[in-house]
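Annotation comment: TrEMBL describes A:16-370 as domain 'Cation/H+ exchanger transmembrane'. For A:6-26, A:33-51, A:57-77, A:97-128, A:148-169, A:181-202, A:222-249, A:261-280, A:292-313, A:334-351, A:357-375, the entry in TrEMBL reads transmembrane segment.
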Amino acid sequence: MHDTAIVFLELGGIILALGVLGALALRAGISAIPLYLLAGLAFGQGGLLPLATSEEFIAIGAEIGVVLLLLTLGLEYNASELVSSLRGNARAGLVDIVLNAAPGAIAALLLGWGPVAAVAMAGVTYATSSGITAKVLSDLGWIGNRETPVVLSLLVFEDLAMAVYLPLLTAMLAGVSLMTGAISLGIALGTVTVVLVIALRFGRFIEAFVSSPNNEVLLLKVLGLALLVAGIAQELQVSAAVGAFLVGIALSGELAHEARALLMPLRDLFAAVFFVFFGLQTDPTKIPPVALLALLLALVSIITKLLTGAYAARRAGIARAGRMRAGIALVPRGEFNIVIAGLAVAAGAHPDLGPLAATYVLILAAFGPLAAKLVEPILTRPPSSAP
Amino acid sequence: MEIEQTSLPGIGLKHEFSTHSGRRVAVVSHRSGRRDLIIYDRSDPDRACEAIQLNDEEADALVELLGAPRIVQRLNALHSEIEGLVSIQLPILPGSPYDGRTLGDTRIRTRTGASVVAVVRGPQVNASPTPDFRFTAGDVVVVVGDDETTRAVADILTDGG
């Protein structure tokens, strides 16, 4: 058979399978991310249906998926929201980092994986999935709740922390010296600051350049700009993902809204490819030995996120039930954690890191929304002491 | 009454207030244009026990239903505050010369000096109608002026003045 024919057959098979899985997830009311990961495991080495020909194409598709994930995430925020969130929630944000990065880092150190893997695992256990959490909030009608601004600000804080963390991790994974690492972190921080300032002061000019009444032109300009900046960022060792995130931040208002609507279908396609690719790279036979550890890590992470949510909500004057909801909403892990693990795996971190991260995300992406749904009726039952 | 504004990063804005009977109500304005009308739980004031999604059209309808009687009330308050200022409501009766014609055709302001500030049609209030607004029988025209000019407007609308 012709090569192209095989690539089409494989890609068609994967995408169709993802569509069916997505439909199943929708019916069950859970996130599709764990199912996509499982699909990747099934298609990959040691899986049920190993693919060969289309792996290169899928790899590039996965890279584009990461860029699009972060671009659309950046489009959701504008610079002033980021700055005000940073000012108002620094303390809760720091508690979030300390409590939730610690389990991953400690686990990696106890396993003797070394400091670089510890930094990667810290990121894997730290970041909440803003995508899944936003969906949980809207599905359960929690958007109007008074603890929701607290949860959203924490998500914004995490995303900003990622903008600093990803370049740091990239530099460490590249095995550069302390000096070079410090320089590339400096470049990253400098870039983030410059972009924030440009977005705050001169956002209008970028918007005037990108803006177009024609959807096709707008889509091409935004996507082109994001990929270009992602490429430059990658070249500077800042990580392509952060570059795309910053492009998203710089665009705001009506333009960002339109661009997001145009990019959503593309993002959904390539993000799904990205999850499959991560699954492909993970050998399913490596999972059973780390399953127990992943479960333990997930349990600890649930508790630390509950504590984080409770602390942040209490500071905002929210009562007990709301504090609980804030914590539960922060439990899901997903795209970011896989992005981080993906970087680590690609750079050749400890071979168990990939399977551990995959299992961990599988558990929390599935359990987080489910827990929120289960907890809802318990929390809304009127207390017996009420008049 | 104090309206509290909270930004919801990535979603939009929330405006929230307490009624005098102690219920909390909020409106979440999504960037997409969607509006949620939120009513908070009595026993758990942090929880939205009711979140009603409204699209543009529904939100407008709700505003009009709540706002229509208020416009007339405010006008009445206005003319009791300023001596000599009168606001009257004049129906367009079937057979009126302006049934089916526009506000511009009446040349009310030029001829009398009084102003048409609103036209009420059923539950809908058209505040500050433009000259091309077309009357139909059953409309109620809200006119502001003094005794003399508003009477002149009444004459114009009933028999063409």
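The backbone N, Cα and C atoms fix where each Cβ goes, and this holds for glycine too.
Outside the transmembrane segment (A:261-280), and at least 6 residues removed from its termini, the chain residues within Cβ reach (under 8 Å) are 14-15, 18, 22, 32-33, 36-45, 51, 55, 58-59, 61-62, 64-66, 68-69, 71-72, 75, 215, 218-219, 222-223, 335, 338-339, 341-342, 345, 354, 358. Only pairs six or more apart in sequence are counted, and the transmembrane segment (A:292-313) with the transmembrane segment (A:357-375) gives three or more Cβ pairs under 8 Å, enough to call it a contact.
Contact counts against the transmembrane segment (A:334-351), taken as Cβ pairs under 8 Å, peak for A:357-375 among the stretches A:6-26, A:57-77, A:222-249, A:357-375. For the transmembrane segment (A:148-169), the list of distant contacts is 73, 77, 81-82, 85-86, 88-90, 92-93, 96-97, 119-120, 123, 126-128, 130, 133-134, 137, 142, 181, 184-185, 187-189, 192, 237-239, 241-242, 245-246, 308-309, 312-313, 315-316, 318, 326, 329-330, 336, 340, 343-344: same-chain residues at least six beyond its ends, Cβ to Cβ under 8 Å.
Relative to the transmembrane segment (A:97-128), the listed stretch A:357-375 leads the set A:6-26, A:57-77, A:222-249, A:357-375 in CB pairs under 8 A. Outside the transmembrane segment (A:222-249) by six or more residues, the chain places 63-64, 66-79, 82, 159, 162-163, 166-167, 169-171, 174, 176, 184, 187-188, 191-192, 195-196, 199, 210, 256, 259, 262-263, 266, 339, 343 with a CB less than 8 A from a CB of the stretch.
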